[in-house]
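Feature list (source: TrEMBL):
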{"type": "TRANSMEM", "residues": "39-58", "note": "transmembrane segment"}
{"type": "TRANSMEM", "residues": "78-96", "note": "transmembrane segment"}
{"type": "TRANSMEM", "residues": "108-126", "note": "transmembrane segment"}
{"type": "TRANSMEM", "residues": "138-158", "note": "transmembrane segment"}
{"type": "TRANSMEM", "residues": "165-184", "note": "transmembrane segment"}
{"type": "TRANSMEM", "residues": "196-214", "note": "transmembrane segment"}
{"type": "TRANSMEM", "residues": "226-247", "note": "transmembrane segment"}
{"type": "TRANSMEM", "residues": "259-278", "note": "transmembrane segment"}
{"type": "TRANSMEM", "residues": "290-310", "note": "transmembrane segment"}
{"type": "TRANSMEM", "residues": "316-340", "note": "transmembrane segment"}
């Protein structure tokens, strides 16, 4: 039984030419093959992001443990500078409404808030390691997933199916299995001197991550990936530079600079820049929720590298947790979400200040239903202008 609000979809299908409907079996078979390839590609793209996070973690560990360089704000500052040099300058040389000054004139305060949220999300989670245990950080950092789900439901109007929630639950089960393996093998758990303080920092950082990811999804799907990264480079470098001057200037003076430390900073900045540049591509193809589920495997990649680099102990539960997380990703990605859009209430990030001229007001608006799939359409979707 098809709901009444989907009748327009049925009507469109019924009006298709007979030649198309006659060939429907072969078309459906081909669609099934394409979706299978797209599913594999989606999973692979998510694991590329996890590998980049693994590189970020390894370089940070070497800097902190071997060279006693505890400079998280400075490391983030280097990434924002790279974003500024590449993407902000690209916006500066553009013409028309896509120019840097035109964007700032319309939306500067929104990007300023988003930049602050992104900076403090990174800082709070890294700071939490000084107060709580590694196990607590791993568990509580998963709080970003329900945050993204709720924000996507209420602000992006994304509607989920049963299999999406099943997939999320399976992924979280895999994280629980990984944490259990950490406890059994006695992996370094951290100091945990002020555990409550650290746990609150993780929850706050995860909440800010969720806000940042949902805003990023909306911007890259409705505006521009270059615009998002350019604004992050502009405001991120500005505010992280201020935070660096206040909080870490003495720590930078104590760093014993040599070519090895320089290579580690370069490696960290390269991985971070790649993560920020590539994540909008994956989010546009899938969603912020799918990306955060994919990132759950990053700790496992870091662990596998640590087996050779830091002599971590191995447990078969780590492989089991990896397989469980991947199963959850398959379950989540195998079913498409849909977006219920109501022109009266669906708020755009943009603010054109112009009235709608292309859609006449002929009566009450009925909410439409737009289905999304794993496959990204080649054509750009028409942008909705909202007063």
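Every residue, even glycine, has its Cβ placed from backbone N, Cα and C.
In summary, the transmembrane segment (165-184) does not lie against the transmembrane segment (39-58): fewer than three C-beta pairs, each 6 or more positions apart in sequence, are under 8 Å. Annotation: stretch 316-340 has the most Cβ pairs under 8 Å to the transmembrane segment (39-58), among 78-96, 226-247, 316-340. Ranked by the number of CB pairs under 8 Å to the transmembrane segment (259-278), the listed stretches 108-126, 138-158, 226-247, 290-310 are led by 226-247. With a cut-off of 8 Å between Cβ atoms, the residues of this chain six or more beyond the transmembrane segment (290-310) that come close are 42-43, 45-47, 49-51, 53-54, 57-58, 61, 138, 142, 144-145, 148, 167-168, 171, 174-175, 178, 187, 213, 279, 282-283, 318, 321-322, 325-326, 328-329, 332-333.
The stretches the transmembrane segment (78-96) and the transmembrane segment (196-214) do not meet in space: the count of Cβ pairs below 8 angstroms, excluding pairs fewer than 6 apart in sequence, stays at fewer than three. Contact check: the transmembrane segment (196-214) against the transmembrane segment (108-126) gives at least three Cβ pairs closer than 8 Å, residues 6 or more apart, which meets the contact criterion. Contact count against the transmembrane segment (226-247) (Cβ pairs under 8 Å) is highest for 108-126, out of 108-126, 138-158, 316-340. Nonlocal intrachain contacts for the transmembrane segment (316-340), taken as residues 6+ away from its ends with a CB within less than 8 angstroms of a stretch CB, comprise 39, 42-43, 46, 156-161, 163-164, 166-175, 177-178, 180-181, 184, 286-287, 289-290, 293-294, 296-297, 300, 303-304, 367-374.
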